[in-house]
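Annotated features in TrEMBL:
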- Arg31, Glu42, Phe43, Pro44, Gly45: 8-oxo-dGTP binding site (BINDING)
- Gly45, Glu65: Mg(2+) binding site (BINDING)
- 10-138: domain 'Nudix hydrolase' (DOMAIN)
Amino acid sequence: MASATSASRPCIEVAAGCLIDTQGRVLIAQRPIGKIAAGQWEFPGGKIEAGESAYEALRRELHEEIGIDIEAAQPLIRIVHDYSERRVRLDCWKVLRWRGEPAGREAQALAWVTPQTITDYPILAADAPIISALRLPSDYVFTPPRMTPASLLSALPRLPAAALLRLRFPELDDHDYATLAASVLPAAQALGLRVVLDRAPEMVARLGADAWHATDACLRDLDERPDVPLCLASTHGADGLRRARALGFDAAVLGSVSATLSHPGSAVLGLSEASRLTQAANLPVYWIGGLQRDQLASVQQHYAQGIAAIRAYWPA
Ligand SMILES: Nc1nc2c([nH]c(=O)n2[C@H]2C[C@H](O)[C@@H](COP(=O)(O)OP(=O)(O)OP(=O)(O)O)O2)c(=O)[nH]1
Ligand SMILES: [Mg+2]
C-alpha cells in the first residue's frame, strides 16, 4: 500500500529559516548545482544532525549557508512532505533579528521577496504551507454576538494591524448579513484588515471580501475548496484538520484549546493535545478558546499561527 510505504520511509529532518526584513520581505535561496532539486528556491537551512535541536541546527545552517548569526527567532510551522523519492520533515522558524549581511556562502543566489510575490519563483513543493503562514497575520478576530454595525465601525481602528476579521452574525439572515458586511467592508479594508465572511462562498466575490470561513459542519459537507482567495475552517480535532488540509484550505482554527465563556460546555483539547495536533496539521493553525492576546508568543512556541478569539479583542 502506498501510504504504508511512505509512512515507513525514514524522514529527513530539516530546519529552515524565514528571515524577515524591516519591510516585511523574506529571504529565499536558490539550491546550488550538485544538490537535490538544484535550481529550485527554498528557505535557507538544512539537515538536523544527531544530537542537535531544530533551533541549534537552524543557527548552524544559517551561519554556514548565508553567514549570519541569529539574534531572535520564533517557531513558524512544522511540515511533513512526501517527495516521490524521499520524505522530509521541515521545522520552520521566523528569523526576526540577526547579525551580519546575508550572502550566499555556497554560491547560491539569494532574493528578498514579499510573501505575495514569492510564488513568482519556483519554490520547493513542500513549502506551500510555509508561504500560507507567511501571508497570514497572527490575529484572527471574530465579531462578538449582536454587535451593532455602528459599534463595530467605531471599534475597527483598535483591532491589531492586518488582522483577519470574521463577520460572525449567526442571528442575521443572509440578506441582513450581506447588508451589514457591505457597510463594514470599505472601512475595514481601508484600515488594512482582511474581512472574512462565513455564508455562501459566492458572497465573498460579490461583496469584494477577502476570505471565506467554513464551520466544521460545512467543512464536512464540502467536496472541493471554493474558488475564493483565502479559505479558513473551524476544526475540533485531527479529522477536521485533515479535511482542511486535503481540500487545500489556507489555514484552520483549532479549539477549544481551553475553557471558553462564549462556548461553555464545548470539548476542551488542552495545551498538549492542541500542540500535537498543530504540529501534525501541515497547514497554519490558529488556536481558539479561552486565550488572551498576551498569550500570543507562548501559543506560537507550539508552532501555532496565532490566536483566534472573540473576547480577547473586544473590551467588555
Ligand atoms: N533548507 C530547506 N530545505 C528544504 C525546504 N523545502 C524542502 O522541501 N526542503 C528539503 C530539500 C532537501 O531534501 C532537504 C534539505 O536538505 P539540504 O540538502 O538542504 O541539507 P543541507 O543544507 O544539510 O545540505 P547537505 O550539505 O546535506 O547537502 O529538505 C526549504 O524550504 N528549505
Ligand atoms: Mg541546505
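Cβ atoms here come from the backbone N, Cα and C positions, even for glycine.
Unlike curated entries, TrEMBL annotations are predicted automatically.
Across the domain 'Nudix hydrolase' (10-138), DSSP assigns 27 helix, 52 strand, 50 coil. Residue pairs drawn from Arg31, Glu42, Phe43, Pro44, Gly45, the listed 8-oxo-dGTP binders, are separated by up to 11 Å at the Cα level. Calculated from their C-alpha atoms, the gap between Gly45 (8-oxo-dGTP binding site) and Glu65 (Mg(2+) binding site) amounts to 7 Å. Confidence for the domain 'Nudix hydrolase' (10-138), expressed as mean pLDDT, is 96. Residues Ala16, Gly17, Ile28, Ala29, Trp41, Gly46, Glu65, Leu124 surround the recorded 8-oxo-dGTP site, their Cβ atoms falling within 8 Å of the Cβ centroid of Arg31, Glu42, Phe43, Pro44, Gly45, which are themselves excluded.
On the backbone, the CA of Arg31 (8-oxo-dGTP binding site) and the CA of Glu65 (Mg(2+) binding site) stand 11 Å apart. Straight-line distance linking the Cα atoms of Pro44 (8-oxo-dGTP binding site) and Glu65 (Mg(2+) binding site), rounded to a whole number, equals 7 Å.
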